[in-house]
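Notes follow the structure.
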Ligand SMILES: *[C@@H]1O[C@H](CO)[C@@H](O)[C@H](O)[C@H]1NC(C)=O
């Protein structure tokens, strides 16, 4: 008797827990059109999508749900050829002036010149935490998996399961970190030629339009935030909390070879003092 009641409570609690996750993913069911109308083209019963930018508009989608913590994966094949001026973005963002945001952006380039993968984190409305990388493959040739893994302790950004960036929660030393604002997931393709390619010097070449990027196998193992997300507290912690030794080794390798820009090393921009978390006395050794 007691044990069967226990097991039905146990079952119920599993069902309740699962109902607040979004597992798997479908472009039809999980997203709304954000801009660009028919330039958003969803196929394969919601399993794949292309975004197009032409002379009139780019395009993009936004998740129906707001999430508080989780792991988000997307397979992306970037605009081939002359993609200078294009920005393909995969990011989480909350609303409002003190918004939080976690960005993966791909800045296009002239044919044969490398794409730049740009990452940034906004917390409490303040960004400026860019880290930028070249990729060790041609991202226009095939689909690769790009991921944001976010929990209350840290944000990890991954390329094909290799972590390329970890931002730790340093609220204890006064550094804002996204822990309380639910965010929507965005996927967009737009004209960023005022700044994107060689700092804005190379413009979009519309003779190469339409620009088309491919997306598939969207996956969110994330907590859907209802009523402000109180029930999401601590989601995605546990065993995923830390990188294992193998992953740390891989990250160090990528970072030693492929980083183009790191805000923590930009002494010109921060001539009057590096951001708090970048100062020598506050640096954490992430290799341990
Ligand atoms: C584009 O290519 C140039 C030349 O190789 C490089 O300096 C730049 O970082 C590349 N990416 C962007 C987005 O400008």
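Placed from the backbone N, Cα and C atoms, the Cβ positions cover glycine too.
If you look up TrEMBL, you'll see 101 marked as active site, nucleophile. Other C-beta atoms found within 10 angstroms of the C-beta of residue 101 (active site, nucleophile) number 18, with every protein chain shown included.
Taken from TrEMBL, the feature active site, proton donor applies to 105. A simple way to gauge crowding: the CB of residue 105 (active site, proton donor) has 19 other CB atoms within 10 angstroms, across all the protein chains here.
Under the heading domain 'GH16', TrEMBL lists 21-215.
In sequence order, 83, 84, 115, 116, 197, 202 are the residues near residue 109 (N-linked glycosylation site), counting only same-chain partners six or more apart with C-beta under 8 A. Annotated N-linked glycosylation site per TrEMBL: 109, in sequence order.
What TrEMBL records for 1-24 is signal peptide.
Candidate recorded positions: 101, 105, 109. Those with a Cβ under 6 Å from ligand 1, in sequence order, are 109.
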